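Novice: Here TrEMBL flags 21-137 as domain 'Response regulatory'. What TrEMBL records for Asp70 is 4-aspartylphosphate.
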Amino acid sequence: MPLWASAPRRESGGKALERVRVLVIDDDTTFGMVAARRLEEAGFAVRFHRGPFGCLQAIRDMRCDVVVLDVNMPKLDGPLVLRMIRDAAGMGRTRVLLCSNMEPGPLARLAEASGAHGALAKNAFDAELVSSLRALLEPHGARRRKS
């Protein structure tokens with residue numbers, strides 16, 4: 001079930017800014033829905049996609065800016081899905097944050113080795129998810145809505 005945030009943010013001066021679009025990909029429905037809800041409450045436009053299969057189409061359909069990607073999924077793990085995202089036409093700029101129950105050190109090394117933009121341990125998820133995404137997006141700022 002997709003979860004979408006509502007109206008666009010406004011910058012000073014009243015110009016509409018497009019919400020940052022985030023796709024959460026996880027085989028754990030409960031975790032994915034909670035993550036999506038947390039991000040939605042923080043003002044992101046969010047959709048949850050259960051498991052890796054069909055996620056490339058979901059990324060295309062949503063034209064997402066960021067993917068929060070579970071590392072340990074059956075059949076297609078996070079690093080393989082990340083490679084598929086990087087190889088897919090038009091998705092090379094999509095930022096990916098790996099998320100896992102792994103210890104932070106090995107998770108950070110896996111994220112670096114696989115080309116992810118960051119990593120977040122699931123046990124730190126509630127405290128750090130929103131700040132991690134904002135830090136990931138900070139150099140790019142908000143995008144103007146296309147007319």
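Yeah, the Cβs are placed from backbone N, Cα and C, and that goes for glycine too.
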Novice: Would you mind checking how many other C-beta atoms are within 10 angstroms of the C-beta on Asp70 (4-aspartylphosphate)?
Specialist: 23
Novice: Average the pLDDT scores across the domain 'Response regulatory' (21-137) and report the rounded value.
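Specialist: Taking every residue in the domain 'Response regulatory' (21-137) and averaging pLDDT yields 90.
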Novice: DSSP on the domain 'Response regulatory' (21-137): how many residues come out helix, how many strand, how many coil?
Specialist: 58 helix, 27 strand, 32 coil
